[in-house]
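Asks: In case it's useful when we look at the structure, here is the feature table from TrEMBL:
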DOMAIN    9-129  domain 'Ig-like'
DOMAIN    139-223  domain 'Ig-like'
SIGNAL    1-18  signal peptide
TRANSMEM  252-272  transmembrane segment
């Protein structure tokens, strides 16, 4: 096999040496298995990648025997989906590249390296737990939409393309109590989910509502909030009589301001004329002398 084209660019693959790996559905992931005991001869090695659960019907994920891939016992679910890093094997790197991971790949995997000499002995073993997770989009909260009765309103909240199924909470922020709601979940072809939740509550003058989307594996909690302004700060809730009085008062103030301005302009004009007349008289008197 020519693995060079399959392994580039490496930036697309997630290489992790920790016990637990979290990957997004549809991505490629590397299950780490690194032996640090010195240089090895592939001809004398057997490397097995298996599902650690002994009850699994087909546990063999990938096998390397005497320097060659052995597909005779490989599970059909992993056919053409597993790759070893051939340029790193003699250095003790037996990590396995698993392509296009899906929900069915969530297992604990076991890497076993056996060395054959006078007798067969295990020289290395590593366990890797694979979990899938993807962040949900920032939830979009809509509402309130008034229902047939004026006492009840409806909110809706949507979030997309996450994994696994999330916990969806509606919270009354005035007392931090949880509110009962309805939830619809859509499963997409790539393995991710979208959620759409609706909430019906009694309308109140000071509603503070939060929609929260929780992804436990990623320890993410995304939220969207609605806060209704108090009526005392909302001019639209004031009676028409009060608004009309305020408008009349504003008009009266405007008229008085205009009258005062006109008076000031008239007085200023008269004063300027008087000053000009005095100046003209003084010039005439000076000329007669």
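Cβ coordinates come from backbone N, Cα and C, glycine included.
Keep in mind the model is a prediction, meaning the values are calculated, not measured.
Looking at the shown structure, what environment does each listed feature sit in?
Replies: Break the domain 'Ig-like' (139-223) down by DSSP state and the numbers are 0 helix, 56 strand, 29 coil.
Nonlocal intrachain contacts for the transmembrane segment (252-272), taken as residues 6+ away from its ends with a CB within less than 8 angstroms of a stretch CB, are lacking entirely.
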Asks: Helix, strand, coil: count each for the residues of the domain 'Ig-like' (9-129), based on DSSP.
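Replies: Output for the domain 'Ig-like' (9-129) reads 18 helix, 52 strand, 51 coil.
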